[in-house]
């Protein structure tokens, strides 16, 4: 029997960690076997423990860097457009490679020292260039898996639509959203929404720890919720004032809104005056 969404959410963090662990372990084992087979075919007498060390040290450092990519991607999503995020990720491949290579070289030197051998990463400029080409591929593969998982999870949680969305003329007030999930339909009250995030051709309704997709534009939803306690605080974010906990202002003039569900939503400098007006401060 497949688990329910509620059951999955309770164990979600452990499932995610376990999933990455299994994926990385299988990849490291398969890569080790392939390298050993290639060496044997070429007649190279290199001991098997060496390619195993190469693959597993690389995998271990990659595993340590995956949470950083996840957090960086989550930070970028509500703050940038798709092409800006893509550029930022492209630039992020440089520190990713440096951390990955630096970490695995240190681990390899330690393992080689334990068996009385020397590990040489030389010439470093050629080896670093080679590793960077591989790390660019690895970085964007990891990113693709993160986005695919997020998409599948949102699909499982359900896709929403406005309950009154059946006419050409805009409706000024929307009380609830109709959520379709796994062949079932139920209602999400507008007052329960913490905030709304732009997600490409969709928007995402953040309701507690659950997210629902809605094929709609931010501008139209903003108009539909104008009579409610919702305010646009960023080009990619609308917040529910009744679910607002705290606002922090940075030295740059931009800010950050902490919501009842624990999410931190960016507040642009241009939106702060409108937010203050709605809060009567």
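Numbering starts at 1 and runs along the chain as displayed.
Each Cβ is built from the backbone N, Cα and C atoms, and glycine gets one as well.
Annotated by TrEMBL as transmembrane segment, the relevant range among 136-153, 154-171 is 136-153. Counting residues 6+ beyond its ends, the region 'Disordered' (255-281) has Cβ neighbours under 8 Å at 78-79, 194-195, 197, 206-209, 229, 231-237, 239-241, 243-249 in the same chain. Distant neighbours of the transmembrane segment (136-153): 16, 23, 62, 66, 69-70, 73, 89, 92-93, 96-97, 211; these residues of the same chain sit at least 6 beyond its ends, with a Cβ under 8 Å from one of its Cβ atoms.
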